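Under the heading active site, proton acceptor, TrEMBL lists 45, 277. If you look up TrEMBL, you'll see 45 marked as N6-(pyridoxal phosphate)lysine. Positions annotated as substrate binding site by TrEMBL: 143, 335. According to TrEMBL, the domain 'Alanine racemase C-terminal' annotation covers 256-394.
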Ligand SMILES: *Cc1c(COP(=O)(O)O)cnc(C)c1O
């Protein structure tokens with residue numbers, strides 16, 4: 001939490017046992033295909049998709065991940081500083097990045113452009129180290145990476161640096177544009193382009209340790225794409241990367257995060273009362289309102305505001321036992337709070353626990369339900385969870 005003060009009226013419970021078990025499930029998905037078994041790199045970028053970088057990374061390692069992956073250099077360095085000793089790959093940086101620090105921390109580094117190789121080589125020379133590099137190829141995503149046409153010249157430079165002892169080309173890697181649509185024609189086309197890049201690198205003199213292409217969706221749905229290493233992120237946290245195909249349970253995954261809050265104010269209001277900014281919601285009967293102390297500054301999407309009947313808001317589980325029910329946010333999500341219409345017979349009181357999302361096994365709302373309510377993907381819900389919401393870790397072993 002950003003202020004380090006221990007009180008907050010809401011919290012994100014992160015079940016580390018779920019993360020361990022999800023990684024074990026992913027390792028089973030990556031288990032021998034045609035006699036070959038792929039390792040698992042748990043992607044822990046963006047504060048482990050909002051779950052907390054270091055505790056999540058430790059749990060992933062306990063679950064069997066032999067690699068950790070981060071977009072940002074700062075995240076990779078934080079893992080090392082916390083004492084994680086396994087292989088780490090970091091892949092997103094701009095000219096002038098502190099690559100010497102990356103090499104000193106024994107972190108593998110992606111190179112996605114000629115300038116990046118130049119800077120890695122300079123850092124290796126300056127620090128007296130050999131950089132382990134993974135060449136990122138743009139096989140069709142149209143994002144980071146070298147286009148295939150640029151590869152031959154690039155490989156010549158990389159292999160020359162390898163001969164000089166400054167780098168070791170240990171990986172070729174790429175990323176899919178349509179991994180969540182496993183039969184999309186671009187998937188096989190990207191794999192063909194990837195295979196050609198691997199052959200080119202090997203012929204140029206690279207001794208590849210890992211070829212890797214699969215994110216969560218490809219890990220779960222497309223064994224042909226596993227190669228030597230899979231790079232799941234979302235699935236590590238128990239969320240389905242292919243919600244239109246199947247939920248997490250179908251893949252042996254369990255959502256790790258539960259977001260809960262304590263009701264701040266509970267009060268009765270008459271029918272016809274406007275609720276929250278611009279009165280986007282109006283009560284239709286004498287009823288009870290409950291104020292939930294979470295808002296868009298905590299990462300609750302304002303797009304999940306509710307103006308019945310045309311646009312129900314994001315779901316919140318209220319009550320326990322027979323009184324348990326899932327309500328939709330009433331009116332605008334504000335910066336720090338949102339409102340529920342608890343109904344005329346509500347027994348809830350200030351201080352009672354409500355759940356915005358959890359593992360869904362009790363029929364309660366999930367991260368995916370919030371993504372649907374906000375017109376986005378589950379990734380955005382957990383990664384945007386506010387820094388000020390405390391993470392409480394369960395299931396430590
Ligand atoms: C984020 C990321 C991943 C993980 O993707 P998921 O869809 O969360 O599994 C894998 N590889 C790269 C390059 C990424 O940026």
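Each residue, glycine too, has its Cβ placed from N, Cα and C.
TrEMBL annotations: computationally assigned, not manually curated.
On a predicted model such as this, the values are computed, not experimentally measured, just so you know.
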**OP:** Using a 10 angstroms cut-off on Cβ to Cβ distances, just flag whichever of 45, 143 is the loneliest among these recorded positions.
**Re:** 143
Subject >> Spatially closest candidate among 143, 277, 335, the listed recorded positions, to residue 45 (active site, proton acceptor) (Cα to Cα) >> reply: 143
Subject >> Inter-residue C-alpha distance, residue 143 (substrate binding site) and residue 277 (active site, proton acceptor) (nearest angstrom) >> reply: 39
**OP:** Write out the long-range same-chain contacts of residue 277 (active site, proton acceptor), meaning residues 6 or more apart in sequence whose Cβ is under 8 Å from its Cβ.
**Re:** 331, 332, 334
**OP:** Could you tally the C-beta atoms, other than its own, that fall within 10 angstroms of the C-beta of residue 335 (substrate binding site)?
**Re:** 11
Original post:
How does the domain 'Alanine racemase C-terminal' (256-394) divide up by DSSP, counting helix, then strand, then coil residues?
Top reply: 26 helix, 48 strand, 65 coil
